[in-house]
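Notes to accompany the following structure.
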């Protein structure tokens, strides 16, 4: 851990020293000073302002975060692997074996040739990417790794131990190498930040199985133990997969937010998603956010009854008036009860719509009853009995005239009845006189 802190501070100082001419106007002529000595490099921005954009069209891929397997430091460690006798155990590898192991671990397509060059090469130092302020940390990391390897090599020469002990010490030294390399790899740029989409279409990583990988079991065991014991290493055990960008905390948070999408159709609260297992890493609990599930309204289907006003009314029904009124009242009450069965939080607009709908139903019932009354009145008038298209005004006039005529006939019949009663009384009195005279 102290090595990592000192490396970070030293890296920041180195980057500040490399980009210090950027912040002073009087030193603008010294921009890309080493590039002016080479004819192959583009000119400084002071000569032509548009020449400073002549970088690579696409930035190179950042070093992989999988314990620094693709970085040049891993190649240096592989070349500096402790060697012993041929019968000394699993730590004795020849140069051909080491190259074969690197080829099997990384694969021919995954090895970037720009990262396997010598860090001390002159072309590597004069590279514009190394001198750029954004990519200068890579050269600093490589230089730091080379210095550490030189110090470890000097310490290895000073130590004198027998071959079995030397083999065990070689494993521990390689574990220290991998620990420092994993710490340096953690300072690299995450490829998922630069490239948000994976480089290949494989959704799940597949382990690279090779029959010759079992020959290097001791070194792989030491690699796993050193990776698990290192605090800067990833919490998962080191496995060889295809080159896919690792899942960071931001990606996990985005996946969790995608799982918490709200269903706007249902009124029930969405159950919080299952908590992720805490066995992955102890820092995973710090990134987890409490799921929020707001209450949403449920869609309510309001049934509306459509009536065909153009259809002619059925006037020749044999139903009595009382029975028809009872059926219509029952139908209206059923419609009102169905309209009130809307199971949703009622607002002022909903209540107003219900009142308007109820008023329309009652008004329609009143008009139908009035129309049936006119039809019944038309049937009672002798002149309009067979006229189904008689207007209401004619029905009212004919009904009034018919009522007046009926009333006049009634008065005539009442007066005639009175005359007949008087005649009856006279006849009864005359009959009594005749009986008395005969007696």
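Note that Cβ sites are derived from N, Cα and C of the backbone, with glycine treated the same way.
Bear in mind that the values here come from a model prediction, so they are computed numbers and not experimental data.
Per Swiss-Prot, the listed range annotated as region 'Leucine-zipper' is 413-434 (candidates: 391-412, 413-434). Swiss-Prot assigns the feature motif '9aaTAD' to one of the listed ranges (82-90, 91-99, 100-108, 109-117), namely 100-108. Checking the ranges 355-364, 365-374, 375-384 against Swiss-Prot, the motif 'UBR5-degron' annotation falls on 355-364. Each residue contributes its Cα atom, and for residue 151 (phosphoserine) and residue 371 (N6-acetyllysine) those atoms are 111 Å apart. Confidence in the motif '9aaTAD' (100-108), given as mean pLDDT, stands at 64. Each residue in the domain 'bHLH' (354-406) gets a DSSP state, and the totals come to 42 helix, 0 strand, 11 coil. Cα separation, residue 371 (N6-acetyllysine) to residue 348 (phosphoserine), rounded: 35 Å. Residue 348 (phosphoserine) and residue 143 (N6-acetyllysine) are 75 Å apart (CA-CA, integer value). Taking each Cβ in turn and tallying the other Cβ atoms within 10 Å, the top scorer among the recorded positions 143, 148, 371 is 148. Looking only at the modified residues 151, 348, the densest Cβ neighbourhood within 10 Å occurs at 151.
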